[in-house]
Amino acid sequence: MPALHYQQQTLYLDDVALPSIAHQFTTPCFVYSKRTLLQAWQAYRDAFAGQDALICYAMKANSNLSLLKLLVDAGAGMDIVSGGELERALLAGCPPERIVFSGVGKTVTEMHRALEVGIHCFNVESSAELDRLSAVATRMGKTAAVSLRINPDVDAGTHPYISTGLKGNKFGIAHAEALATYRKAASLPGLQVVGIDCHIGSQLTELSPFIDALDRLLSLVDQLAAEGIVLQHVDMGGGIGICYDAETPPPVRDYAQAIAERLAGRGLKLVLEPGRAIVGNAGVLLTRVEFLKQGETKNFAIVDAAMNDLIRPALYEGWHQVLPVEQQEGLPERVYDVVGPVCESADFLAQDRTLAIRAGDLLAIGSAGAYGMAMSSNYNSRVRAAEILVDGDRVQLIRQRETLAQMLACEQACLPEAG
Ligand SMILES: Cc1ncc(COP(=O)(O)O)c(C=O)c1O
Ligand SMILES: N[C@@H](CCCC[NH3+])C(=O)O
């Protein structure tokens, strides 16, 4: 049984009817399937079981503590990009030696904390970052394990805003600079060079760009070894893309096999940082239609979720499935833009969808588990949505809806006393 399915015209996530969730928790809210989340994790774990692999879930995709804990308990490491994410990983019980720290702008404070707890590795993205990390580690009397993120200049064929491995992107160290930067890293105090990494983009639905990038990294590994800089691991960054619509991403087993063939006999450990592939299809955004409105050239379904809850359509023209939660018979089908209440024309969740709906109906926005809640904001002073986990027929609140008081607290605390 697929996680999302209709039973007598009502949409269920696993064994839970979605109207009951809306009734209990109101909308908008994110609803996740524990079974789908863990299946996606296990697919990665099983595919790489024969290799010496550390799979670090990229929590930027969804950093809900309860979901992190489920993944940590299932054996996941964590890929983090900030001090905040580090604290989340630790709160979820992730052993520090299973944490890798990515990102172009790590602060002194973040480096200090990561060294203090003893993370597995820093994925360093520039020569200036090497200097800073060396200084922080030396001051603390520690040694920082370092991997250099190399920008392999491979076209990932994904949306330009989520492509990261091209020359024009801010990420990583240029391929041409790689050897010189490794020499520098090897010479600095407080650092131990252990790996090489890349991340060429997100939502890749073909293997060839990953493989091209790996081949470029391995050629560097060989050149470094010839100079006496022997690496222990190669980190291939994020996971394979997911199916939002009609995409046909390759099975992770094929990816694992292609990597295994290339790493055979090299004695290199593998690190991976999948995010979207683990959590993307485990979640839906549940929303209610407030009004139907006929514009001059378009019909609008105005819903209570908005771009502040799910920004992917506005930001990258991300396509998400829209499913009526209760299918109605006898209603006319119309083509709608599904839009939110935010004052932006880009505030749409879907465009040009044929739906048979009425005001008051519930809609489920599909594949909203990754980069949904994690990218949400308070724009238009909207509170952040609740998050709910479904486990078979059980329902668990895993994040309360933010209250207005919570949203206002940081500013209210700065207001001068009345009087
Ligand atoms: C360095 C790094 N690792 C991992 C990821 C996770 O990528 P994905 O969600 O596509 O698996 C990202 C995001 O694109 C990233 O920037
Ligand atoms: N946030 C993006 C992916 C970029 C991930 C971070 N490098 C998305 O929703 O597709």
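Note that Cβ sites are derived from N, Cα and C of the backbone, with glycine treated the same way.
All annotation found in TrEMBL is predicted automatically rather than curated by experts.
Feature list (source: TrEMBL):
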| type | residues | note |
| --- | --- | --- |
| ACT_SITE | C343 | active site, proton donor |
| BINDING | G239, E273, P274, G275, R276, Y371 | pyridoxal 5'-phosphate binding site |
| BINDING | R276, R312, Y316, E344, Y371 | substrate binding site |
| DOMAIN | 30-369 | domain 'Orn/DAP/Arg decarboxylase 2 C-terminal' |
| DOMAIN | 37-280 | domain 'Orn/DAP/Arg decarboxylase 2 N-terminal' |
| MOD_RES | K60 | N6-(pyridoxal phosphate)lysine |
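Features per TrEMBL, on structure.
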{"residue": "K60", "record": "N6-(pyridoxal phosphate)lysine", "contacts (Cβ under 8 Å, 6+ apart)": "D79, V81, E85, G275, Y371, A374"}
{"residue": "G239", "record": "pyridoxal 5'-phosphate binding site", "contacts (Cβ under 8 Å, 6+ apart)": "Y44, A58, V252, L272, E273, P274, G275, R276, A277, I278"}
{"residue": "C343", "record": "active site, proton donor", "contacts (Cβ under 8 Å, 6+ apart)": "N380"}
{"residue": "E344", "record": "substrate binding site", "contacts (Cβ under 8 Å, 6+ apart)": "M307, A314"}
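Here the domain 'Orn/DAP/Arg decarboxylase 2 C-terminal' (30-369) has a mean pLDDT of 96 out of 100. Least crowded of the binding-site residues (R276, R312), judged by neighbouring Cβ atoms within 10 Å of its own Cβ: R312. Close to ligand 2, meaning a Cβ under 6 Å from one of its atoms, is not one of the recorded positions G239, E273, P274, G275, C343, E344. Of the residues the record lists as binding substrate, namely R276, R312, Y316, E344, Y371, the two whose Cα atoms sit farthest apart are 27 Å from each other. The pyridoxal 5'-phosphate site is defined by G239, E273, P274, G275, R276, Y371, and by the 8 Å test on Cβ atoms against their centroid, the other residues of the chain that qualify are Y57, A58, K60, A61, S202, G238, A277, I278, V279, G280, A370. Close contacts with ligand 1, defined as a Cβ under 6 Å from any of its atoms, occur at none of the recorded positions R312, Y316, C343. Across the binding-site residues listed here (P274, G275), the residue whose Cβ sits among the most other Cβ atoms within 10 Å is P274. Most Cβ neighbours within 10 Å among the binding-site residues Y316, Y371: this distinction goes to Y371.
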